[in-house]
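Working notes, beginning with the structure itself.
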Amino acid sequence: MFRQRSIQNLVRTIGVGVHSGRRVELTLRPAEANTGIVFHRVDLPQVVDLPASAIGVGDTRMASVLQQGNVRVSTVEHLMSALAGLGIDNLHVDLTAEEVPIMDGSAATFVYLLRSAGIVEQNAPKRFIRVLKPIEVREGEGRNEKWARLEPHEGFALAFSIDFRHPAIDSTANFAEIDFATHSYVREIARARTFGFVNEVEALRSMGLARGGSLDNAIVMDEFRVLNSDGLRYDDEFVKHKILDAIGDLYLLGKPLVARYVAYKSGHALNNQLARALLEQQDAWELVTYESQAEAPQAFRHEWKLA
């Protein structure tokens, strides 16, 4: 059967929260089959557990934030994206502050940590959410219109369009499509960094956001150009980072999707609305397992081969 996965060994790192600016220690621990991804705020007098869940998202301003009462775990999307990309179903995530560290602004460090810990298969079938009919969410009109859609597809593919009307972004691709039957998450998506604009920093920081942002963990632009001395990692890094985010946001559904995701100018809020809309329309999806890897769509066999 196509099996669930966790990691073999504990692994930890230290970083800074991109929004809080606070130092945080991140520990990734193996978890039993059928546990799911569970975040633990170990810095509190009594540890609070926050399972990764689309319905557990309480804030989507510039990040996906899990919330349980007054307890938060912010900026989970890059780690969730790496877990989706490597096919990891079960994991304990210990944090000593309210935000997952930003590392270099991409998912690459998390991929490295997870691979370093060793990926192991477990004696339980991996369950997938197969989309049976299109689900779409929209907001705004005219120039402000944005939308996201899930549609049936035997595999996992994403197509994303952006429109920032900024010279540094417009000089790169504003559209990318990735089908994991033929593309690699690790090589083509994981290294794409988050990005921001110098002229927005002051306003964001006044809202308690972007306090840990820097050229070390984001692509930063002024009115005309990219300020990072090393330039871009991919010619289409901006739109690929939006795909990276979407993969992480959708993995908050708790299981890998058998579907195609198509979006125009979507972000964390719309991605979460889409995930919730899918869960609410129960005739639009089904849970499936595969008796063997050969039965599963190529998209999952291609990327998830154990080293």
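Even glycines carry a Cβ here, placed using N, Cα and C.
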Fill in: Identity of the Zn(2+)-site residue among His78, His92, His153 (reference: His241, Asp245, source: Swiss-Prot)
His78
Worksheet entry | Among His78, His241, His268, which are recorded positions, the residue with the most C-beta atoms within 10 angstroms of its C-beta | His78
Discussion item. Using Cβ atoms only, which residues of the same chain lie under 8 Å from Asp245 (Zn(2+) binding site) while being at least 6 residues apart in sequence?
Written reply: Glu77, His78, Ser81, Thr194, Gly267, His268, Asn271
Worksheet item: For His78 (Zn(2+) binding site), what is the secondary structure state per DSSP, taken as helix, strand or coil?
Response: helix
